[in-house]
Each structure stands twice: as C-alpha cells, then as structure tokens.
Amino acid sequence: MKRTAFFISDGTGITAETLGQSLLAQFESIPFNKFTRPYIDTLDKARAMVQQINAAAERDGVRPIIFDTIVNQDIREVMATSNGFMIDIFSTFLSPLEQELTAHSSYSVGKSHSIGGNSNYMERIEAVNFALDNDDGARTHYYDKADLILVGVSRCGKTPTCLYMAMQFGIRAANYPLTEDDMERLQLPAVLKKHHSKLFGLTIDPDRLTAIRHERKPNSRYSSFAQCEFEVREVENLFRKENIPNINSTHFSVEEISAKILVEKGVERRFK
C-alpha cells in the first residue's frame, strides 16, 4: 500500500525533508507519495495544512506520516489536531538535549541555514564555483587548489558528486573525464600525474552506463553497450595500474559516494 508523507516546516523545510527522507528510505518495500510544505508560519496556513493532511488520510484510507520542524507552539498545536502520524523532530530531540546541556534552546526558525550568521556561507559558494569552473576537465591549471580530483568515464557521476561535496562540506573538487585515448594507452594524462595524491576514481556497471548515455545520445556508439563495457573495463585497469582508489557508483547515492570518498582520502570537511 502506498503511503503519503509530508515534510512540514515554518522555515525552509530542509531539515524536515532531509531527516524524513533518510528515515523513509529504510522502508524500501513501501512506496510513498512525498510532499514538502515549507513556510507554514501562520495559523491560517496551519489550518489549511491540516485540511490537506485529513484529505490525504481519507483518500488513502490510512493516516499520512508527518515530519515537522515547526517552532511556534500555537502552530504546532493546530497541526496536532490533524489525522496524521506526527513526528515532531524538534520536540523529540530538543527537550532531552536541553536537559543534558542544562540550557534552553533559542527556538529560532531557520537558524542553521541563515546566511548572515553563518561563517560557512562564502566557503560554500567558493567551493561550488570551483566545482563548476573545473567541471569535466574544462580547466586544469587550478588543480593545485583542489582538495580532490575525481576521474572516470563520461557520465559515471563525477559532476553531481563534486557539487554535493562542495555544497555540503565546502570541498573544492574538480573532475576529469578519462578519454578512449587515455584508456588505450593505459596512462594518466600528464596534467593528472602531478596531482596523483588528489585523484579518486569513479566506475560504474556497463549496463547502467549504457542506460544513462542512451538518454543523452540514443542509438550512438557513445551509448552502445560494447563501448561502455570497453571504457569501464579499461578505466578499471588504469585505476589498478596507477593505484588510484575508486568506488563503483552504481548502487550508491551521491551522499554515500561522497562520504566514502572523504573517508578513504582522509579529506577533512571544511564545515559540518
């Protein structure tokens, strides 16, 4: 049976959605209709939200799952009248944390995501700009400033991984696509050799690579299984020859790939 899940907040909804998605992902056999509802910051909006929740409960024949990070007590009381299974993230964790720290929390909306009070904001922007400027081997003369350089065949997940590490951790990550010439020579390009200690390889199952490339260039040599199988085989040979640590991205999320890379390379996050 498909269930409905709401991620509700009187701020951006980032925290409710992130934690909620992580928890729901543990129930792989259950399909969910997921809805994010940010800025539920007035009583009128809260009452309208209750109507949405109750309508979903009536439609589905089972109550929706509600993840919320609402700070305002009056709004929380309105939300509690809904026919939903409520998981109040702040009240669940803040109360025991207040007891442990013997201090009251500020109950500030959007505190962790604010720009003005966040010293990490410019670090994040600079890391994202670095990832974009050094994407797909477009520029190589700034590799000395890179924390990491991801290498692999085209369309194996290098770009989204670099951007995720930039946005979440302030990591300056470049990426370089290894070409058919590189593979046939079984040699790293000269520009990568001098930065060997920063290299990390991504590989992927050939059938998955074929499907991804087919969406971009259908019925082409580039997207053929034979070509994808050749490139993956040769790039893995190159990784072994050059002793480049690597991971197969096929069955991992970008979050998991990023975490594994940082652990294996021993790269410290600029912020957490």
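Quick reminder: no glycine exception, Cβ is built from N, Cα and C everywhere.
As annotated by Swiss-Prot, ADP binding site applies to GLY152, VAL153, SER154, ARG155, CYS156, GLY157, LYS158, THR159.
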Check LYS158 (ADP binding site) against DSSP and tell me helix, strand or coil, would you?
helix
By the count of other Cβ atoms within 10 Å, pick out the sparsest of the binding-site residues ARG155, LYS158.
ARG155
List every residue in the same chain as VAL153 (ADP binding site), at least 6 positions away in sequence, whose Cβ is under 8 Å from its Cβ.
PRO177, LEU178, THR203, ILE204, LEU209, CYS228, GLU231, VAL232, VAL235
Taking the recorded ADP site as GLY152, VAL153, SER154, ARG155, CYS156, GLY157, LYS158, THR159, identify the other residues of that chain whose CB atom sits within 8 Å of the mean position of the site's CB atoms, giving them in sequence order.
ASN175, PRO177, LEU202, ILE204, SER249
Where VAL153 (ADP binding site) sits in the secondary structure, as DSSP reduces it to three classes:
coil
